[in-house]
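Now, the feature entries from TrEMBL:
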- 20-39: transmembrane segment (TRANSMEM)
- 51-70: transmembrane segment (TRANSMEM)
- 91-114: transmembrane segment (TRANSMEM)
- 126-150: transmembrane segment (TRANSMEM)
- 162-183: transmembrane segment (TRANSMEM)
- 199-223: transmembrane segment (TRANSMEM)
- 243-263: transmembrane segment (TRANSMEM)
- 283-305: transmembrane segment (TRANSMEM)
- 326-348: transmembrane segment (TRANSMEM)
- 363-384: transmembrane segment (TRANSMEM)
- 425-450: transmembrane segment (TRANSMEM)
- 462-482: transmembrane segment (TRANSMEM)
Amino acid sequence: MTTSAGRLARHSAVMAAGSFVSRLLGVVRSVMIMTIFGRSLAGDAWAVANMLPNTIYLLLAGGVLNAVLVPQITKAEKHHEDGGRDFIDRLLTLALLALLVVTVVCVAAAPLLVRIFMDGSSVPEQVALAVSFSYIALPAIFFYGIYTILGQVLNARERFGWYMWSPVLCNIVWIAGLGWFLVHYGRGVGAPSAYSPQMIWLLGGSLLLGVAAQALVLIVPLYRSGFRYTPRFGWRGVGLGSAGRVAMWTFAALVVTQLGLIVQSRVLTSVDEGDTGKLPYDTAFLLFMTPHGLITVSLVTALFTTMSQAASAGDTPALRANVTQGMTLTTIATVPIMIVTLVLGPLLTRVLYPLNSVQTTDAIAYVAMAMMLGLPAFGIYYVLQRGFYAMEDAKAPFYLQVVNTLVAAVVAVGCLWISSEFRAVGVALGQALSNVVAAVLAVVWFAARLEGLPMHGVVRTTVRVLVASIPGMIVAVAALLVAEWAGAGWAVSLAALVIGGGLFMVLYVAAARRMRVRELNAVLDPIMRRLRGVRKDGATPA
């Protein structure tokens, strides 16, 4: 393993550890939310309100800021005489002001936003509850943005750990609020009219306080890194033109994304009472995003700074190598996760959501399994998207996103003509298909942009990984069949999941090493070193 690969793997391991803890707590939070709402109209109202700040965050901070900040800060620190301080201060001031304005406008427009994302046939009480939740949840947009801004400044300075660990604090605060709700109000509160102002404030306030804590805690490591921020106004003639162009195209791409999400949301809120709607779909999406965030985002966050440095220096071979490495490492991890989830998905959801009915947990599982078909492709698409952003090219990702969204939206609309019971699975299959199409196009366009992209190694590794998964898949299928034969209660499901999933991973790693998938060590070695450090020192090394 090269020095750069080793450094990438070490950074990724630190971030993956934080992401793992955060996403584990996120699953706990999801379990508590499903316990409170179940499959109900109130649950779908909460899902819409919870989605709104996340949607606006993805539209502005999650996309525009992620695409702009790291390349611009990296270039400014390298080429400006003052180390880029004046430029960075002005860039951050502009971003913070834009966030504040957008947050105020969105809170004022909460009723309109709710009606955009909810089907017109939704009952008035459900819409009113979603609006009430939204008034409290939407201010989280500002804190999501601060989290992204401070985190990307830390990433540009190659201080990656806190950015992935601070969401742990968010989940702890949120879980505490949900626990308080369960103690005082119980579970299965499904009727929208049953929610008092105190209940609404407790649920929405827990979300808002958690996101605020996640953002503000990043001030500590940023200050310790030596960074000092001074608000600076006046942006003409200071070199923000390229940042503005990237931001414009990125924003346009994310507008397209949100249009697709609106279509999906309206389809999912059109289902009959008791069928799989928006909250179960969002719960399945959390399960889908957990391995993506744990693996792909951790890898690419560490790799993005290196990509930006290579692009800024005009080092095309290095950029090719970085992107190929990112795709390969992502594939090694996501393909086996896709396969094991396709086999053991129902057992996983029965274990995670024990207080819900088997019908509800299986419904979540089937949606998650449909999404998982596109997990490896989604990872490759994400890597290539960041590759374009590293080159300050946001136009290509825009066109890719148009195709991605169009495929998903067309399939979602088509699902209106199938049974309400299967509508969510159909939407999930459309999402998987759109990721595959976008990934293929991204490879073709990126290769054309760099006048070549060596994909033979990625394809060879993917084939080996698929073959290496076969022995474990056979064992996992056997575990599932035994569990179903034994009744698939919670204890049986847990045992089958642990045994089947554990043996799958052991057999996969053994087979992959036997087949000389050398890149596997880049994923596993940092994790094993940290585990050995825990055993030796009694604590995870800092």
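Cβ coordinates are placed from backbone N, Cα and C, and glycine is handled just like the others.
Automatic, uncurated: that is what TrEMBL annotation is.
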What stretch, picked from 20-39, 126-150, 283-305, 363-384, 425-450, has the most CB pairs under 8 A with the transmembrane segment (326-348)? 363-384
Verify whether three or more Cβ pairs under 8 angstroms connect the transmembrane segment (425-450) with the transmembrane segment (20-39), leaving out any pair fewer than 6 apart in sequence. no
Do we see three or more Cβ pairs under 8 Å linking the transmembrane segment (199-223) and the transmembrane segment (425-450), pairs being at least 6 apart in sequence? no
Contact set, same chain, for the transmembrane segment (162-183): CB under 8 Å, 6 or more residues outside the stretch: 14-19, 21-22, 25-26, 28-29, 32-33, 35-36, 147, 151-152, 154-155, 199, 202-203, 205-207, 209-211, 213-215, 217-218, 220-221, 298, 301
